[in-house]
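For reference, the structure is listed below as structure tokens.
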């Protein structure tokens, strides 16, 4: 091989390496809301962002009806089930008998809306029906219900409506915490007052204790702030309870008498002096 040919071959190899190094892996396609990009609803975009934590998951459910229908339904949230097929299929039906796949709904024709505790995701533009539904395109409706503490679970198919002339659909459901409303974390007025009072009492006790110990040099119980005041207050409270709750005068004898109290009474006036010798 001549020198010029070797130089050309080396240049081709370097160019191929440069192109390979600069190429980035293609990103997965995501949901495209129906309508022009400029007219997309901000609410729909916000709901799609809310569903993003589910995008890396794949869901499957098997349906078997006798010997004629045995299908596996595969579903992904705003991602293609088979990214290598590049068919935008968000929900795909696979016939387990012959391996045939049918796209139920595509992510490039997406609708999404929500309620208080649910999100409805709709994929339109699936493969056409044959003899059913006037041959229109299939459509997948996925109801995502709120279930706190669960990222995603219980994916299942509810029904297939294909006996109508039009607007046929497949209905799926699943549970997920992403459909739950944000929890109200506001505190009540009573809770705020309790927290404030507890904080003030803690500051009073800790601050007073440090002052009495470090500044005044108090020891023992005298380190408690205003110890004499609280001691007097306790005595006053005890006296008040004694005054209010006592049902008998203070000088009344006790109702309880111990064992042998009857033997400690006053000495009898009768004496045995007549028995003494004169």
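Positions of Cβ are set from backbone N, Cα and C atoms, glycine also.
In TrEMBL, annotation is done automatically, which means it is predicted and not curated.
If you look up TrEMBL, you'll see 1-23 marked as signal peptide.
For 29-182, the entry in TrEMBL reads domain 'MRH'.
What TrEMBL records for 187-211 is transmembrane segment.
The region 'Disordered' annotation in TrEMBL covers 256-278.
Outside the transmembrane segment (187-211), and at least 6 residues removed from its termini, the chain residues within Cβ reach (under 8 Å) are 223-226. In this model, the domain 'MRH' (29-182) carries an average pLDDT of 91.
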